[in-house]
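> Per Swiss-Prot, region 'Disordered' is recorded for 102-128, 597-747. Feature annotation from Swiss-Prot assigns compositional bias 'Polar residues' to 118-128, 683-708. Taken from Swiss-Prot, the feature domain 'USP' covers 286-816. The active site, nucleophile annotation in Swiss-Prot covers C295 and rests on sequence analysis. Annotation comment: Swiss-Prot describes 634-652, 669-679, 726-747 as compositional bias 'Basic and acidic residues'. According to Swiss-Prot, the compositional bias 'Low complexity' annotation covers 709-725. Among the features that Swiss-Prot reports, active site, proton acceptor is placed at H771, with the record citing sequence analysis.
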Amino acid sequence: MEPILINAQVQMWSAKAGMSKSRNALIETCVGKREVKLILYFSTGKIKTLQLHDNIKSVVLQTYGEDQNYLHLTFKNNDFLFVEKLTTTDARRLKRFLDKTSQGSIRPARSDERCGEPSTSAQELNGSGSSCETNSECFESPKESEMCMFRELSLLPSSSTFLHNVGLLENQFIKRKRFFSDLAKNEKQSNLKDSIRDFEANLVVCISNEKGKERNVREVDISKPGFGFPFETNYPEDSGVDVRDLNDLITKLFSPVLLETHCIENGLEWHEYMKTYLLYPEKLWQGLPNVGNTCYINVVLQSLCSIPLFINDLFNQGFPWIKAPKDDFNMLLMQLLVLKDIYNARFRQKLLIGITKALPIFGEIFAVDRQNDAHEFLSLCLVQLKETFQRVTMMWQSENDSGDFYLLKDIFADYATINKMPVCPVTNNFEFELLSSIFCKACGLTLFKGEPSRYLSINIPQGGKDMSIQSTLDLFFSAEELEHRCEKCLYNKSVSFHRFGRLPRVIIVHLKRYHFNESWVMKKDERPILVSKYLRLSCHCSKSTKPPPPLRPGEHVKNLDLLKPLEVLGSEILKLPFNSVRTSRSKGFETINITSNRESEAQSGKRVSEVLSGKVQQENSGKGDTAHIVGSELTKETEKLKKHEEEHRPSDLDSGSIREAQKYQQAEKCNEGRSDKQISLEALTQSRPKPISQEQTENLGKTTLSHTQDSSQSSQSSSDSSKSSRCSDDLDKKAKPTRKVDPTKLNKKEDNVYRLVNIINHIGNSPNGGHYINDAFDFKRQSWFTYSDLHVTRTQEDFVYRGRSSTGYVFFYMHNDIFEELLAKETQSTSTSKG
C-alpha cells in the first residue's frame with residue numbers, strides 16, 4: 001500500500017509526559033511486515049513512531065473553516081494525537097486510513113510475529129553492533145529500522161563508536177532520501193528537503209557501552225522537549241497566545257483539569273470535580289500558596305474573587321479562553337481569577353510563580369522576592385485588566401476573516417454573551433466618577449472637573465478620636481480651602497469640594513496607614529479606625545448622580561454554557577477515563593454538559609446564556625449638567641451634612657467598639673522581626689469574640705452605624721474667611737449628640753448605602769514588613785472567611801467589624817441594594833439545588 005504523506009500541526013498527550021507543544025511535522029503512514037505505524041518527522045530532526053495495529057480507540061474528524069480540519073486520534077492506553085491545519089483532502093485520506101486500520105482492514109503482513117505490544121511509546125534507534133543484534137527481529141529492513149524516536153541523553157560515546165554509528169545511519173537514510181525526492185512535485189511539501197537536511201544535521205545516535213548504558217552522541221536541540229505545563233514561558237518564540245491553534249488554547253487553559261487527573265484535588269476526575277464544584281461549593285475553601293513574599297498578591301486575588309459580579313463579567317464574556325490576552329501577566333491573572341476554584345494548590349502555585357516573573361516589566365517596585373504594597377498591586381491589576389479588556393475587545397470586533405480570532409468567532413457565533421456589546425468588568429463594578437469643584441471666594445467663579453477613579457485614598461486625620469471609616473470618608477468630602485489663583489479676579493483663595501458623578505457597584509476605600517516622623521522616616525499608623533459595616537454616600541451625591549449599573553439577567557452566575565464548545569473542540573478528551581480506577585466514579589457525568597441530569601432539575605434555566613446588552617454609561621457630565629448644582633451645593637453643604645448627622649447620630653457603641661478594638665489590637669500586634677509564617681499563624685489563631693446571643697445574631701444583618709466627626713478634625717478644612725468659618729461652625733455642631741438611633745437598624749428608604757464585603761489587613765508594625773491577610777464575605781456560603789495564603793478559616797462577622805480597627809488597610813463596600821439582590825439570588829439558587 002502506498003504511504004500517505006501529510007504536512008500538518010501535531011500535538012501529543014501522554015499520561016507520563018503530559019501535553020507536548022504544537023509543532024509542524026510531516027506525517028507518513030507505514031504498513032510494514034509486522035506493524036502498521038504513523039511516523040512523525042519534525043522540523044527539528046526528531047522522529048516519533050506511533051503503532052496503530054490493534055491500538056486505536058477512536059478517530060474524530062472535525063471541520064472548523066474553509067478547507068481547515070483537525071483530527072483527534074485516541075489510543076487504547078488513552079494517549080492521544082491531535083492533528084490540525086489539515087486540508088480537506090488530506091484529512092479524509094488520513095481518516096480513511098485510520099478507520100480501516102481500526103476495523104482491521106489494514107493488517108501487517110505478519111501481524112502474529114510483530115515484536116512488542118501495541119503502544120504509543122516511541123522506540124529508539126540503536127546503532128551499535130550489540131544493539132542491532134538485540135533488535136534485529138524488530139529492524140529487519142532499512143525501512144522498518146527508520147521507524148523510531150530519538151531520545152536525548154546526557155553522556156557522550158567514544159569517537160570510534162561515534163564514527164561507526166554515523167556511517168550506519170547514513171546508509172539507512174539513502175533510501176529515504178530517494179523516496180522523498182519523488183515528492184518534489186507537490187507544492188505543499190516544498191520544505192521537505194530542508195527538513196531532511198535539518199534532520200541529518202541533528203542526528204541523535206543512542207549506543208550501548210559494555211555495561212549496557214545508553215549514551216548520547218549529539219542532542220537534537222538544546223531545549224528540553226515540549227512537554228510540561230503550557231503556561232510556563234519555556235519557548236521564546238511564543239510572544240503570545242495563538243488563538244488560531246485551538247488545541248493549544250485548550251491546553252493553555254484547561255490541561256490541568258481536562259488532561260492531567262493528578263492536578264485535580266482529592267483525585268477526582270474533571271467531570272466529578274466540576275460536579276462537586278457546582279453542587280457542593282462549601283468544599284472548595286481554597287487559599288493561595290505563598291511562593292516568596294507574595295502575600296500581597298494573594299490578598300488582592302482573593303479580594304477580587306470575593307466580588308462574584310466582577311468574576312462573572314470576566315467569565316461570561318469569554319475571558320481568557322475565548323478572548324485570550326496576548327501577554328503572560330494578564331493571561332495568568334485572568335486564569336487565577338476565573339478558574340481559581342478549579343485549579344489545585346500545586347497548579348495555582350505555578351500560575352503565581354508565572355505572575356511574579358512577569359511583574360518586573362511594570363517597574364522595579366515589583367521585583368521578584370520583594371515585599372510590596374497590596375494597594376499598589378491592586379491598582380496595577382485593575383489598570384491592566386481594563387486596558388487588556390479594551391485591547392482584546394477591539395481586536396475581536398475589528399478583525400476580519402483572516403484574523404487570529406476568526407475561528408473562535410465562528411465557533412461562538414451562536415453565543416449572545418460573547419457577541420453582545422462588551423461590558424468592561426473593571427468599569428462596570430469598580431469605576432466611579434468624582435466631580436471636583438473649585439469655588440473662588442471673591443468672585444464666585446466655579447471650575448468643574450470630572451474624572452473616573454477606581455478607589456478612594458483617604459488620610460487618617462491627625463489628632464482624631466473615635467474615628468471610623470464613615471467619618472474619615474465624610475472628612476474627605478468636606479469643603480477644603482486651598483490656594484488657587486482665580487482666572488477672573490486673580491484672587492488666590494478658593495474652596496474645593498468633591499461629589500460623586502456616578503456611583504460604582506463596589507467602592508474601594510484605601511486607608512493611608514502611614515505617616516512621616518520628624519526625621520522624614522515613614523512609619524505605620526496603627527491608630528484604631530472603627531470598621532463601619534455600612535457606608536452612607538447620599539450626602540456626597542447630587543441630584544444628577546448616576547446610580548451604579550443594575551444587575552443584568554443571569555449575571556449572578558457563571559454562564560457554564562460557554563464551556564460546551566469544548567465538546568466540539570475535543571469531545572473525546574472529555575470522555576476519556578484517564579485512570580481506570582477512577583472510571584466508576586464518573587458515571588452519570590460523562591460530558592461537560594453541566595446542565596444535564598441533576599442540574600436540569602435544579603432550575604438550569606437560570607443560567608441564562610444571553611446577557612442583555614447594557615453598555616456602561618459613559619461619563620458625559622459636562623458644565624451644563626453640574627453648573628446649576630454646584631453653586632447651591634456650596635452654600636447648602638453644611639446644612640445637608642448637619643441634617644444627615646442628626647438623623648444618624650452614633651450611640652454608645654462607638655466608644656465601646658473602639659475600646660474593644662484596642663483589646664483586639666493588643667492580641668494581634670506583631671513585632672517587626674517576626675517571620676511571615678509566625679505572623680500568619682498568629683493572625684489566624686488570635687482570640688475570637690465570645691458567642692453571641694440569637695437576638696444579636698439576627699441583628700448582624702443590620703447596620704452597626706458608626707458616624708462621628710471631631711470638631712478639631714473638621715476645623716482643619718476651615719480658614720480665616722467668613723465662609724469657611726461658617727462651615728467649621730456647622731461641622732462643630734454636629735459632634736454634639738442630640739438623640740440616639742439604634743445602630744443595628746437600617747433605614748429601608750435610605751439610598752446609596754454600601755455594605756462591607758472584604759477587608760485587606762496588614763499585620764505588623766512597619767510599612768516595610770509584616771504580612772497581609774484578608775477577610776471576605778462568601779455569597780455562596782453566606783459567611784465570612786479569613787484568608788492567609790493557603791490557610792482559610794471561618795470567622796465571625798462581628799469580629800470583622802470590631803477586630804480589624806488597627807489592621808484594616810483596603811476596604812471593599814458593595815451597594816446594599818445589589819448586595820441584597822445578589823444574596824437573595826444565591827439563597828434561591830442554593831435552596832432550589834437542594835430541593
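Note that Cβ sites are derived from N, Cα and C of the backbone, with glycine treated the same way.
Are these features on the surface or tucked inside, and what touches them?
DSSP classifies C295 (active site, nucleophile) as helix under the three-state reduction.
Secondary structure from DSSP puts H771 (active site, proton acceptor) in a beta strand.
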> Enter the number of other CB atoms within 10 angstroms of the CB of C295 (active site, nucleophile).
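Within a 10 Å radius of the Cβ of C295 (active site, nucleophile) lie 26 other Cβ atoms.
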> Using a 10 Å radius around its CB, how many other CB atoms surround H771 (active site, proton acceptor)?
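Around H771 (active site, proton acceptor), other Cβ atoms within 10 Å: 27.
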> Work out how many Å separate H771 (active site, proton acceptor) and C295 (active site, nucleophile) at their Cα atoms, rounded off.
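About 7 Å separates the two Cα atoms.
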